[in-house]
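Colleague: Look at TrEMBL and you will find 18-39, 51-75, 87-108, 128-146, 158-180, 186-202, 214-232 tagged as transmembrane segment.
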């Protein structure tokens, strides 16, 4: 690995600890955000969409991704690189499935809302812009991370950023069950962006500089989501989807 640190150095141990803790925190956020929908729906009647087979499959993929993301960090920490590489093949398969199922899971409710002219139609179309952007960001960042797998410092930061890019929905769900006092997409995006910047700040303080991967990837990731929110609330966007579905 061209930019890898020497084994056994304090800096490498701190780096591995940072990414393992990051993976644990993101796994906990995912559990907190999604558990009420998938495991306690009766506790929040009418709050979440019905659990269709597609949603259950997508949720299983998301849970598997978070588990693998955490396990991969633990394997690197325990110096089991061979297992890390083998599990990487499974991660590629998961990512390949996660992107299209995530997009379709968003598009189907939006199509139904348009056809039925439901009160939440505009919100559904806003969500289409945001969630398809999340999926595309995840797929793009993941693909670049795989291409940079021989550059450890770049690879692991891209993987972290890819995982962060699909977690705004966990924040939304925490708000839906009353944990967070927000109700608008701009508020959710702001909380998510602050969370992303928090991970970057922790890394920057640790290595005493802003890593080039974050310097490039974070503005693209946050910027893409901001643009998606602007587009998703635009009349032209709504008109396009209404005309496409009808």
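Cβ coordinates come from backbone N, Cα and C, glycine included.
I'm curious about the neighbourhood of these features; can you describe it?
Modeller: Long-range contacts of the transmembrane segment (18-39) within the same chain, counting only residues at least 6 positions beyond its ends with a Cβ under 8 Å from a Cβ of the stretch, are 47-48, 51, 56, 59, 62-63, 66-67, 69-70, 72-74, 76-77, 156, 160, 163-164, 167, 169-174, 177, 179, 199, 202-203, 206.
Long-range contacts of the transmembrane segment (51-75) within its own chain (CB-CB distance under 8 A, at least 6 residues past either end) are made by residues 16, 19-20, 22-24, 26-27, 30, 34, 37-38, 41, 81, 83-84, 87-88, 90-91, 94-95, 97-98, 101-102, 104-105, 108, 159, 163, 166.
Residues 54-55, 57-58, 61-62, 64-65, 68-69, 71-72, 75, 127-128, 131-132, 134-136, 138-139, 142, 146, 149, 166 of the same chain lie 6 or more positions beyond the ends of the transmembrane segment (87-108) yet place their CB under 8 Å from a CB of it.
Beyond the ends of the transmembrane segment (158-180), by six or more residues, the same chain brings 19, 22-23, 26, 29-30, 32-34, 36-37, 44, 47-48, 62, 65-66, 69, 72, 98, 102, 130-131, 134-135, 137-138, 141-142, 144-145, 148, 187-189, 191-192, 195-196, 199, 213-214, 217-218, 221, 225 to within a C-beta distance below 8 angstroms of the stretch.
Within the chain, the transmembrane segment (214-232) has long-range Cβ neighbours (under 8 A, six or more residues past its boundaries) at 125-130, 132-134, 136-137, 141, 157-158, 161, 164-165, 168, 185-186, 189, 192-193, 196-197, 200, 203-204.
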